[in-house]
Amino acid sequence: MSQTAAHLMERILQPAPEPFALLYRPESSGPGLLDVLIGEMSEPQVLADIDLPATSIGAPRLDVLALIPYRQIAERGFEAVDDESPLLAMNITEQQSISIERLLGMLPNVPIQLNSERFDLSDASYAEIVSQVIANEIGSGEGANFVIKRTFLAEISEYGPASALSFFRHLLEREKGAYWTFIIHTGSRTFVGASPERHISIKDGLSVMNPISGTYRYPPAGPNLSEVMDFLADRKEADELYMVVDEELKMMARICEDGGHVLGPYLKEMAHLAHTEYFIEGKTHRDVREILRETLFAPTVTGSPLESACRVIQRYEPQGRAYYSGMAALIGSDGKGGRSLDSAILIRTADIDNSGEVRISVGSTIVRHSDPMTEAAESRAKATGLISALKNQAPSRFGNHLQVRAALASRNAYVSDFWLMDSQQREQIQADFSGRQVLIVDAEDTFTSMIAKQLRALGLVVTVCSFSDEYSFEGYDLVIMGPGPGNPSEVQQPKINHLHVAIRSLLSQQRPFLAVCLSHQVLSLCLGLELQRKAIPNQGVQKQIDLFGNVERVGFYNTFAAQSSSDRLDIDGIGTVEISRDSETGEVHALRGPSFASMQFHAESLLTQEGPRIIADLLRHALIHTPVENNASAAGR
């Protein structure tokens, strides 16, 4: 027989409670209500092994609460330190809802004494790591942004379950704007947190991700409108958000039939700081465990491109991440025969063992123009909501202020309409490529998933493969050589060597193709252009350029750039190549030649205002300027 919420709380308040969770999820369960859960713990090896009961028709229910450690990203084939933190699954045996008011009347409120408070890395040590990442990783083209953690450590005197429940009570009373505020006790450890960020949720087949980035740290007296407006006008903060939106659009493009539809931006206000955020929605019918695997992990707490970020994290965090940047995922049955999913990223979370040792890991997004000491201060501020006494009064809030709303709306003035459209609007894009087959070769950057969505909107039939797969150009009308991290001159690297060989083959066979970013750089080298490392990398930068006579706003993510002093080259064995370039610096933006085109920027990015049109124009050029016999053989399959 199901027990009442009061009976479940009696069991939770015991000196040695069984595994339990109290979850405040106002966007899912409704404001003022918490989930009270009791269950049995298991340790599946992989996400696919999480045991789920059959769905049913009737009342919705919650089945499993999973705690997914960072090391689980190895399921995607990405590098990670194996710190042996287990994947934990609470099979829910009892569940009820309870109001905040009633719960607060039951929760203990004992004093919490912290001893031996310290960070594992000092501000100076953390700032030095930030400097190394900017110089050695972003500066070498490994990626656009990376998140490196540091950890606050302390011991709670006379620790017991009442200490953790009191800690949770304080967060519940004071923290504002969290997506989940929670306590999860597994038997051997307890997680207490106020995560601002949804990982992914699914209801009635609609999946939602919530990229959050940019941080305004409140001054001691609390936030004020002038500083909020300065924060919203800060290009660095805007760039950080655009980059993580691009990265989560890549994920949504992989799991959703129509890709993602972007909503926002908005101001997310919490007790001690504020962020900016977007929402991305898309329809999906895939197994929730598969969706969790495909979205390991959020770029807001790792970096981008994700695979490259994992390598960087492994280099700079040799001790592992445990559950920091992982997720808590709540899987259920929606009562209609389908699955429900809600999940929060495990940030702003205290990991407490049964002896009372507390670990709170935090990180900062490092981009090309990060100031190391500022990033150290930001990481410290992110821990403040958990380790400080919290303020007696809620801070002033400005999210609905007219000036703030106008400033937020202005951020969408020059970004891609495509990703702001819903799927029905995308179907109205002119599809004059209907039925043509295109092969996309992925070079370790899932921007290719976003390229695929735009190409399908143009009417193309798309196949995506990795550069490391066995594949053939035969049978395709077009080939797109994709972007990726790395130095295009390092031909001793297997991926770079493969791109050189593949692009030379496309040129010699005069097959129509488009090269993007890294592949554009390889093409430039194959055509004899000089390549230079940029003094300041373009990582998530929107620029206005002259693209073969048209003024375009486009998004760049590059450390290297081809150079040319001319707008046109005549190349033996190739023919005439047109060059779109910066007339002052000679930096090459794009190329057009017989049977091919290329672009240094990312037309698929949120930062490129007219991406599908630009891609369509370049593909038309490649097809139109391909010898008749090649077009005929492709079209006549």
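Our numbering is plain: 1 for the first residue shown, then up by one each step along the chain.
The backbone N, Cα and C atoms fix where each Cβ goes, glycine too.
Note that the structure is a prediction, hence the values are computed from the model and not measured.
Taken straight from Swiss-Prot:
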type	residues	note
REGION	1-434	region 'Anthranilate synthase component I'
DOMAIN	437-628	domain 'Glutamine amidotransferase type-1'
ACT_SITE	Cys517	active site, for GATase activity
ACT_SITE	His602	active site, for GATase activity
ACT_SITE	Glu604	active site, for GATase activity
Separation of alpha carbons, Cys517 (active site, for GATase activity) and Glu604 (active site, for GATase activity) (Å):
11
How many neighbouring Cβ atoms, not counting its own, are there within 10 Å of the Cβ of Glu604 (active site, for GATase activity)?
31
Could you state the whole-number distance in Å separating the C-alpha atoms of His602 (active site, for GATase activity) and Cys517 (active site, for GATase activity)?
7
Non-local Cβ contacts of Cys517 (active site, for GATase activity) (under 8 Å, 6 or more apart, same chain)?
Asp445, Phe447, Gly482, Pro483, Gly484, Tyr557, Asn558, Met599, Gln600, Phe601, His602
Using a 10 Å radius around its CB, how many other CB atoms surround His602 (active site, for GATase activity)?
24
What mean pLDDT does the predicted model reach across the region 'Anthranilate synthase component I' (1-434)?
90
